[in-house]
Amino acid sequence: MQTDSHAEPCNICPRGCHTNRIDERGFCGVHRSIRLANISLHFGEEPVISGTQGSATFFFSGCTLRCAFCQNWQISHHSQGRDISCETLAELFFIAEQRGAHNINLVSATQFTPDIIKAITIARERYTLTIPFMWNSGGYDSIQTIDQLKAVGVSIFLPDLKFLNSQDSAYFCLAKDYPTIATQAILRMLEDNPPSYNTSGLLQHGVIIRHLVMPGRLDITFKVLQWFKTYAQGKAILSLMTQYTPVNIPNEQRVIPQRHITAQEDAELLKMLEKLQIDDGFYQDLIIDNKWLPDFSHQTAPFHNKLAQTIWQWNNIVSILN
């Protein structure tokens, strides 16, 4: 059972590493205190999320997975970021809303779930926040976490569905049980949560299931699409991403594909969708460069200025709270 006590061995995520995260870092690479890396008005999410004014993406440090191909490895693997309190996070939620964000987008926050829930509660009560909260995760969440998030009003979920094969998930994510955990979590996200939109066409409730296509491994994608067809079509929105870009994570020994998706693979993906009669959702245009990759060590703008506008950055000494 998940515990809220900071002093007890941690079992917040399904990995259950049971580390005392007051004194030590868990598998996730962070202590129990919220550690935040960046807040941006992001325009690169799905159109129903980014809209015209951007999604307020809150990028948290650490991660319960260790994906060998992670584009955000500086914060997920190396835990770059700044420790903040629940009260500060709640105030940052309010500032993001004041900047015109359509929603609050919590990126890879599983390792801080109890304190995130507290911050959401404070933001609702103290600042009367009205924009939607969304949970943007790798899918490695417990059912209890999903229930707790729904209870405090998180209405949009953006889980990845990376693998449905335990061998691949063990190698690439160091989580053999990922397929079972992720599919169970997604099914719980779908319960009583059909997609709904405001008058501007922006998602207010619902689930977007994301899948990153890996070069040379379309077999992985086909299994994910089959699962979506069987369990989620008509209940969730599919977002098929072809942005895979090779990254070189220091000291990472696992071998990953060293190329982008080809035009031929892109065509094969479209045939898969046609074969399975999946004709709604989002399909990303082919990306053949790495200009869009973030650099979270940058003091002012980790993202390309056409992709995002920085609100808060962990290593910028000027605080927007002053």
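The backbone N, Cα and C atoms fix where each Cβ goes, and this holds for glycine too.
Remember, it's a predicted structure, so these values are computed and weren't measured experimentally.
Annotated features, as they stand in TrEMBL:
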type	residues	note
DOMAIN	59-190	domain 'Radical SAM core'
BINDING	CYS63, CYS67, CYS70	[4Fe-4S] cluster binding site
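In sequence order, CYS28, GLY29, CYS70, SER76, HIS77, SER108, THR110, GLN111, GLY138 constitute the residues six or more apart from CYS63 ([4Fe-4S] cluster binding site) in its chain with CB-CB distances below 8 Å. All protein chains considered, the CB of CYS67 ([4Fe-4S] cluster binding site) has 24 other CB atoms within 10 Å. The average pLDDT computed over the domain 'Radical SAM core' (59-190) stands at 98.
Counting every protein chain shown, 21 other Cβ atoms lie within 10 Å of the Cβ of CYS70 ([4Fe-4S] cluster binding site).
Other than CYS63, CYS67, CYS70, the residues of this chain whose Cβ falls within 8 Å of the Cβ centroid of the [4Fe-4S] cluster site are, in sequence order, LEU65, ARG66, ALA68, PHE69, ASN72, TRP73, SER76, HIS77, SER108, GLY138, CYS173.
According to its DSSP assignment, CYS67 ([4Fe-4S] cluster binding site) is coil. Mapped onto DSSP helix, strand and coil, the domain 'Radical SAM core' (59-190) counts 65 helix, 20 strand, 47 coil.
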